[in-house]
Amino acid sequence: MTQSTGNTPRIIYTLTDEAPLLATQSLLPIIEAFAGTAGVAVETRDISLAGRILAQFPDVLADDQKVGDHLAELGALATKPEANIIKLPNISASVPQLKAAIKELQAQGYPLPDYPEEPKGEQESEIKARYDRTKGSAVNPVLREGNSDRRAPASVKNYARKHPHRMGKWSPDSKSHVAHMDAGDFYGSEQSVVIQQAGTVKVRLTGSDGRSNMLKTGVKVTEGEVIDATCMSAKALAAFIRAQIDDARAQDVLFSLHLKATMMKVSDPIIFGVAVSEFYGPVLDKHAAVLAEAGFDPNNGIGDLYARLPSLDESVATEIKADIDALYGERPQLAMVNSDKGITNLHVPSDIIVDASMPAMIRDSGRMWNPAGELQDAKAVIPDRNYAGIYQAVIDDCRAHGAFDPATMGSVPNVGLMAQKAEEYGSHDKTFKIPADGVVEVLDEAGAVLMKHEVEAGDIWRMCQTKDAPIRDWVKLAVTRARLSNTPAVFWLDPQRAHDRNLAAKVEAYLKDHDTSGLEIHVMAPVEAMKFSLERIRAGKDTISVTGNVLRDYLTDLFPIMELGTSAKMLSVVPLMAGGGLFETGAGGSAPKHVQQFEQDDYLRWDSLGEFLALAASLEHLAETTGNARAKVLADALDVANGQFLDSDKSPTRKLGGIDNRGSHFYLAMYWAQALAAQDDDAELKATFAPVAQALADNEAKIVEELIAVQGQPVDMGGYYHPDFGKLAAAMRPSSTLNAVIDSLAG
Ligand SMILES: NC(=O)C1=CN([C@@H]2O[C@H](COP(=O)(O)OP(=O)(O)OC[C@H]3O[C@@H](n4cnc5c(N)ncnc54)[C@H](OP(=O)(O)O)[C@@H]3O)[C@@H](O)[C@H]2O)C=CC1
Ligand SMILES: O=C(O)CCC(=O)C(=O)O
Ligand SMILES: [Mg+2]
């Protein structure tokens, strides 16, 4: 961690995981050196999965192993006006990832306890509770103390139009489709209440035997807040999955499941587990006793079963493997995550993240990879109806009109509601797998029943909260964006949903607080909104989507992936409600596939454009809020550099032998230095950067050669979740010529 003292204006740059952490090793020294010339300190805070785990266990770690709770620190900072945080994507860990990270830290000498999946006794429950704080979407809901504004800046959109990426061709005969439940899902059972008076609510389960049990007490609620409760029937889900398995086989399409088991860290792993249990049912039933003994948990995927086979008697393990292979002969083929390695769609819950997986399918002509490594039509199972329909609408559109054309299509920016753990971000501690048949009720302090569901054992029940102030802020942000970009805005709200009806009433009321004259503002159900937006983008027109938290997530991968080929090129800003700024980098995740390639070939194809855009926005915000004129000069020059970077197409080439992430950082540094040397707003900066620009330009060929020369060899990172920073820095900064120029600027 680097830290400054006193009142130096500062930007916090987050250290995260996987590809973005690798990119940081190369980019951060450049950022620090440039920012330093304006007296801006760039400090780092570690919010990686490994860092978060270590921060939970100060009591078991030696003094030199302890790390501070940087996430808690940044969460507090996000509620203050001085916050200026650049947030890179981090791992939202599934249980298999969490266990792998713990194992790696233990092997590095950190005396951490094992993850007690089924805790026995108080001590193990306490350990599990600590680990669970680091699991799933543990970071974003803490830092996102504002709503989200994600869009492709004009320069990026123009670049995509000039250099359209490849889109898979769609056939009108495509059999690909989305399958969702028709009843018994969250959509069908949602109830919603607007809180009239601040207080607390509690959640009570009363079993059919009359005994009651508090699932949750003391949930604080504020006036005007919207709370919802909803429930998915385990029986209906299992029947639905069975029917889809049969139908996929009958139609000869791949079976694939698309969930968000990382962000919806309690409900979706259970849904994933039901799909695994149904698909592999005959084998799991036959070997139930031995698998239970081995600790297999279907919620962790069929990969968990394979991981446990070595602990079994060899003949039993061989029989289980043979039974699975035989079962594959009776099942539809599974969509593959990695067909070369035999990793299926049901192996690990964190490999099938719907926001990225559905757009990838749509980009690849609606097909997914089959076990033979070929593209094939697929059934995309998205059990809950809340949002599944939007993807079917895209598929229908592509089947009817062909793939979208990035050279001509319009854009769909997003204004997303997520502040103060809005909607599903607030569900993590209020989602339960129901232990017994009965009734779940949400009660207020006086004991009045606010919401009520009949439940059966195994059902998933969850409650969400959405505070009033974030809703007001979201409406305001939507109007501001519509006005600034002179673009129609559509609130995606479904009149069939209780929560959405409450939101729509608030939207109607809060729109009156703003001057909306001349603006085109609609409220439409998601499928209708999708159709409306698709028709417009085919005609080259833009439409702002104004959505809740989940659609924010889904749409900000879907549209950028269609429009730009990747969501890495998005500007992703979170204007914090307290006045600070959280600048996210792109809209994608931490790209584990990129790390595999880096480890194997010393080639990192991570595109840092998202970081460049976030940095410009962060410097601009810093200049505005602290009056630092030099930061403004740096920001303006970075805008120019970003434009030139796009014009010159200096993103990673994605081919060994071409520039990768590191090469793209060199070009950004050169263009940025050149823009600073060319400007006349600040003579001192001009003088500082003239020789830097000169040195970088003079040595361009040499630097590029030094950066490319290392490619093609394996890299030792000294760890995956907790790599050795010395090794990473050496690997990510292989050009001594570039390093000398940057280090001399840093002084
Ligand atoms: N903001 C956050 O903190 C987020 C974190 N996550 C976490 O990230 C991890 C991986 O999630 P996953 O769903 O696989 O999504 P990713 O976005 O990491 O991966 C999907 C694909 O997106 C493309 N991609 C994403 N970012 C970049 C980039 N900067 N440059 C080039 N390509 C990029 C790549 O696809 P292609 O090969 O097609 O170019 C990549 O393989 C998980 O642990 C998840 O929880 C996920 C989303 C957001
Ligand atoms: O919070 C998370 O786990 C993931 C968030 C995400 O995918 C996004 O914000 O786009
Ligand atoms: Mg996302």
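Heads up, the Cβ atoms here are built off N, Cα and C, so glycines get one too.
N140 (NADP(+) binding site): 22 other CB atoms within 10 A of its CB, across all protein chains. Residues or ranges marked as NADP(+) binding site in TrEMBL: K87, L88, P89, N90, I91, S92, N140, G589, S590, H594, R605, W606, D607, R654.
Summarising the annotation, TrEMBL assigns substrate binding site to S137, A138, V139, N140, P141, V142, L143, R144. The local packing around L143 (substrate binding site), expressed as other Cβ atoms within 10 Å of its Cβ over all shown chains, amounts to 22.
For R552 (D-threo-isocitrate binding site), the same-chain residues lying six or more positions away in sequence with a CB closer than 8 A to its CB are S148, R150, N414, G416, L417, M418. Annotation comment: TrEMBL describes R150, R552 as D-threo-isocitrate binding site.
Non-local contacts of D557 (Mg(2+) binding site) by the CB criterion (under 8 A, 6+ apart in sequence, same chain) comprise D355, A356, P359, S567, A587, G588. Sequence annotations record features per position, and here TrEMBL assigns Mg(2+) binding site to D355, D553, D557.
As annotated by TrEMBL, site 'Critical for catalysis' applies to K260 (among others). Remark: K260 (site 'Critical for catalysis') has D268, I353, V354, D355, V550, D553 as non-local neighbours, by Cβ distance under 8 Å and separation of at least 6 in sequence.
TrEMBL lists Y425 (among others) with the feature site 'Critical for catalysis'. Around Y425 (site 'Critical for catalysis'), taking its Cβ as the centre, 24 other Cβ atoms fall within 10 Å, counting all chains. Reduced to three states, the DSSP call for Y425 (site 'Critical for catalysis') is helix.
Under 6 Å, Cβ to nearest atom of ligand 2: this is the test, and of the binding-site residues K87, L143, S590 it is passed by none. Highlighted in sequence order, K260, I353, V354, A356, P359, R552, Y554, L555, T556, L558, S567, A587 have their Cβ within 8 Å of the centre of the Cβ atoms of D355, D553, D557, the residues recorded for Mg(2+), and are not part of that set. In this structure the C-alpha atoms belonging to V142 (substrate binding site) and Y425 (site 'Critical for catalysis') are separated by 9 Å. In this structure, of the binding-site residues K87, R144, R150, R605, the smallest number of CB atoms within 10 A of the CB marks R605. Nothing from the binding-site residues K87, P89, I91, R605 places its Cα within 10 Å of the Cα belonging to P141 (substrate binding site). Among the binding-site residues P89, L143, S590, D607, the ones whose Cβ sits under 6 Å from an atom of ligand 1 are, in sequence order, P89, S590, D607.
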